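One structure below.
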Amino acid sequence: MLLPRWFAEALLLLLSILACSNAAFIGVNIGTDLTNMPPPSDIVTLLKSQQITHVRLYDANSHMLKAFANTSIEVMVGVTNEEILKIGRFPSAAAAWVNKNVAAYIPSTNITAIAVGSEVLTTIPHVAPILASALNNIHKALVASNLNFKVKVSSPMSMDIMPKPFPPSTSTFSPSWNTTVYQLLQFLKNTGSFFMLNAYPYYGYTTANGIFPLDYALFKQLSPVKQIVDPNTLLHYNSMFDAMVDAAYYSMEALNFSKIPVVVTETGWPSSGGSDEAAATVANAETFNTNLIKRVLNNSGPPSQPDIPINTYIYELYNEDKRSGPVSERNWGILFPNGTSVYPLSLSGGSSSAALNGSSMFCVAKADADDDKLVDGLNWACGQGRANCAAIQPGQPCYLPNDVKSHASFAFNDYYQKMKSAGGTCDFDGTAITTTRDPSYRTCAYTGSLNANATNGNFPPDALGPASPLGGNANARIIFSYHLPILAPLALTLLQLLLQHDRLL
């Protein structure tokens, strides 16, 4: 039987509400422009250990998607900016993309969203006219695969498409983009999807020339004389983050669209910058992300939409040290490329307290590494690198098996554990790799291991090298949690509507 139009619209509205009615979550963006990118399996192990349940990928990397299989972690995949033109012009290209990058992995991998491009209007404006077509073609391909209710489609937008975001109540989208934005919003409304927004208070603060105080950008409490108030609505804004999200809601209302949920697909704060980037500090980054997590997980929306939580993805998991541009561009991550924490980051109210430190990441020899190169690396680690190699001497707990890969792994790891917080890497001329799997065995405990049954012998731990200059980051903790949704009332509403419809037939 065909459902009447009113019921179809109610169903779409309910599905849209369901998509964002869960208790708010904090996710992370995973960029890959870094040296010594950890293997996907190790990244997933790390995410699971910290109870991170939502991630955004900037493409649809097959190795990453396979690693996320059977984890329940919700994955947002990306159509790259370079792929949009072809997908927008050819429905067959969209179908092929969905079949290859989404349908092939579901249900094992929990793909729940597709981000079509990133900041398309402001970075590749010549593609803007075809963006709506690309969105529709991807959605039609999902419909054909019966995945349109599970996987939502949208396109992340920059704050730059709103020229004057303050006061939020008067914010509008740039008139030059009204046609494209209107098409986007109509698509989001029709498909029950959400508006993806990249909102960076760091840039809002640094480009405002002192108009707004730093504390406002960092979620810090302002004194009564510095309170930020919208003069038109008299709504108080305790953070620039909330004002940015509300600016998006008001901009949508200006085009007669309401209740399309905003999901912040990128936000964060750089931990280091150049001489002209004074606000990019470890202290500010730690403060921003710590307060951001608390803000998002209080499960409320911005002042104009208090009942719509702000699901948010932190930018980003790793410092992408290969990125070009200002120093800050390479320092948005909460982890260094070698896996150590940039600063302590914790989430109050979570049940996990697992440490993100040396005990969760080890450095070992690659299985296919050349033995001659391993010998060179082993000699360097135990010599100039000043690793503690006493445990791999004859008669000691880690001497057997007596082969170069085993000995090199122990030496590489000891050096790595001691020096990573000071910038030491796990490379050794391409012969080493990081892993979250503890390589300890029998009575041989690798440095950083929590294996109480193994021992590295009763000898001075610094027999062949000094203690590592580990700083406060060595025991830094990052804790993420996820509150389970309470969907029963909404599900009941849907059921009641369906029963009423049946009785009318």
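The count begins at 1 with the first shown residue.
Positions of Cβ are set from backbone N, Cα and C atoms, glycine also.
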Swiss-Prot annotation, disulfide partner of C426 among C20, C363:
C363
Rounded to a whole number, how many Å is the Cα of N338 (N-linked glycosylation site) away from the Cα of E119 (active site, proton donor)?
29
Glycosylation sites listed as N70, N110, N338, least Cβ neighbours within 10 Å
N70
Looking at Cβ-Cβ distances, which residues of the chain lie under 8 angstroms from N256 (N-linked glycosylation site) while being 6 or more apart from it?
none
Listed in sequence order, residues with CB under 8 A of N178 (N-linked glycosylation site) and six or more positions away:
L255
Check: min Cα-Cα distance from N298 (N-linked glycosylation site) over recorded positions N70, N110, E119, E266, C426 goes to E266
If you draw a 10 Å sphere around the Cβ of C363 (disulfide bond), how many other Cβ atoms fall inside it, taking every protein chain shown into account?
32
Count the Cβ atoms, other than its own, that fall within 10 Å of the Cβ of N298 (N-linked glycosylation site), considering every protein chain shown.
12
